[in-house]
Amino acid sequence: MRYLTAGESHGPQLTALIEGLPAGMPITEEDINSELERRQKGHGRGRRMQIEKDRAFISSGVRHGYTLGSPVALVVENKDWTHWTKIMGSDPLAEDEAEEVKRKITRPRPGHADLNGGIKYGHRDLRNVLERSSARETTVRVAAGAAAKKLLSLLGIKIASHVLEIGGIKANPANYKTLDELREKTEASPVRCFDQEAEAKMMAAIDDAKKNGDSIGGIVEVIAEGMPVGVGSYVHYDRKLDAKLAAAMVSINAFKGVEIGIGFEAAEKFGSEVHDEIAWNSEEGYYRKTNRLGGLEGGMTTGMPIVVRGVMKPIPTLYKPLKSVDIDTKEEFTASIERSDSCAVPAAAVVAEAVVAWELASAIVDQFPSDRFDKLAAYLEQYRQETKEF
Ligand code: EPS
């Protein structure tokens with residue numbers, strides 16, 4: 001499967017175009033909208049989220065609640081567009097109105113795509129860069145991820161996410177019995193954190209950052225249960241599932257790093273403390289006694305829960321901006337101020353869940369190719385049975 005997105009932050013709409021979903025899979029706009037709603041929440045979000053009420057319109061590929069096998073197009077309208085029709089319109093501007101209408105930006109924000117993107121594409125108005133590089137685009141990545149999540153759930157694969165750290169405040173290890181329990185508790189948390197004590201401290205840290213015109217980042221974790229064994233491959237670098245998951249995580253705006261399982265902690269431990277011993281019983285077949293490697297060995301799934309973490313740097317758009325250089329005058333100025341969020345880590349957990357879901361669903365569809373969803377489900381069932389008997 002693959003997908004592309006289109007759309008600017010203040011353009012009329014955002015679009016995701018999905019190729020490869022098998023035909024006959026049940027899906028509704030509500031499956032997508034519930035995920036979009038989750039992305040809009042979180043303590044620390046800015047004013048844009050009060051303007052928008054993100055809803056997906058399925059404009060292609062689904063009929064009467066089922067996929068057709070044709071491309072699935074998902075469209076989310078930007079409500080804010082009504083304020084930007086002239087500034088972001090596709091029509092050429094008249095000579096005399098050109099400058100005042102553009103809301104031109106010439107002072108790049110450190111840490112954002114502004115300067116590098118301007119140089120690369122030859123844009124002397126950096127708005128031409130920031131409109132697309134904005135994290136607004138993650139809206140339709142969540143929409144595409146929602147379709148992937150639907151496919152996974154129909155195949156008995158559950159996925160959830162939570163926030164582990166915000167602005168240096170670390171949550172205690174989350175002791176949940178089931179992913180449903182994790183989901184229930186974190187959905188009710190304004191920072192998507194399982195640990196309520198840490199939650200209060202995280203919210204206070206966000207409020208402080210906001211008061212100071214600053215921003216803070218954090219760490220999110222995604223867990224997926226029920227993946228069949230052997231999805232992905234060891235035979236080529238570009239078929240390794242852990243590599244795809246890492247790329248997907250770092251592709252999220254402001255994400256700078258990723259860990260799988262115990263991640264960087266493995267550097268401090270002996271091999272005997274890192275690797276998960278193999279066991280077998282007649283009910284489950286093979287399993288690992290521990291899951292330090294986060295459900296992935298040799299670029300493939302082990303059948304244990306997939307555990308992926310990502311670190312998000314603080315959002316670079318600051319109300320108390322850092323120093324920058326005006327690209328027209330070359331003078332030192334403070335960077336331009338755009339509307340921003342003091343912390344978007346809780347929302348980023350939902351985005352991380354979406355991109356992980358996409359990679360897992362995509363790997364399954366690649367490995368068990370079928371144009372029909374019912375055949376895919378039957379094939380997977382048979383494979384799961386064979387795995388047990390191996
Ligand atoms: C976002 C929409 C954006 C920002 C934010 C995330 O909308 P606007 O620029 O109109 O406020 O709120 O993105 C950034 C801060 C950024 O630097 O990219 C969204 O929909 O999540």
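Glycine too: its Cβ is placed from the backbone N, Cα and C atoms.
Heads up, TrEMBL stuff is auto-annotated, nobody curated it.
Binding of FMN is attributed by TrEMBL to Arg132, Ser133, Ser134, Asn253, Ala254, Gly298, Lys313, Pro314, Ile315, Pro316, Thr317, and the same site annotation extends, among Arg124, Arg239, Arg288, Arg339, to Arg339. Of the residues the record lists as binding FMN, namely Arg132, Ser133, Ser134, Asn253, Ala254, Gly298, Lys313, Pro314, Ile315, Pro316, Thr317, Arg339, the two whose Cα atoms sit farthest apart are 43 Å from each other.
Cβ contacts within 10 Å of Lys313 (FMN binding site), excluding its own Cβ and spanning all protein chains shown: 15. For Ser134 (FMN binding site), the same-chain residues that are 6 or more apart in sequence and have a Cβ closer than 8 Å to its Cβ are Glu8, Ser9, Asn253. Taking a Cβ distance under 6 Å to any atom of ligand 1 as the criterion, the binding-site residues Ser134, Lys313, Ile315, Thr317 reduce to Ser134, Ile315, Thr317.
In sequence order, Asp54, Thr138, Thr139, Val142, Ala347, Val350, Val351 constitute the residues six or more apart from Arg39 (NADP(+) binding site) in its chain with CB-CB distances below 8 Å.
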